[in-house]
Amino acid sequence: MKRPARPVLKLSLQFADASHRAQLPRHKVLRWIRAALDVPAEITVRIVGTDEGRALNRDYRQKDYATNVLTFDYEAEPVVVADLILCAPVVEREARDEGRSLEAHYAHLLVHGTLHAQGHDHEIEAEAQAMEARETEVLRALGYADPYA
């Protein structure tokens, strides 16, 4: 039986600090995002430092701190168009504090952001449970542990 074709993904990968490039190889980012996609997408992933992460979170969410991932979704159909902003120092700290590998944490946050870009949310408990279940399903298929366990 033939596997269904994966949705087309156009990816732009940007690093505010080139030192983060080695931690996040393009082929892995492509794999993680594609695994979470249900529709074609044009996604920019930007890895930022604390100052840029904090400024974006403050300006767009009125929260004056750097957060792990921000999703800016611009279009949902027929092609998802979105920016995923990950704050490297926050991601690194969380991975260390939670005893997870940095790779697994980046995979989780990129899957999480990709689901947001497709309309998933976690503001309401039922939606949060559905989104977490989908994240876990995708991450397990990629060979990672349940991030919520």
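Even glycines carry a Cβ here, placed using N, Cα and C.
In the three-state DSSP scheme, His112 (Zn(2+) binding site) is classed as helix. The annotation Zn(2+) binding site is assigned in Swiss-Prot to His112, His116, His122 on the grounds of sequence analysis.
With the fewest other Cβ atoms inside 10 Å of its Cβ, the least crowded of the binding-site residues His112, His116 in this structure is His116.
Less than 8 angstroms from the CB of His122 (Zn(2+) binding site) sit Ala128, Met131, Glu132, each of them six or more residues away in the same chain.
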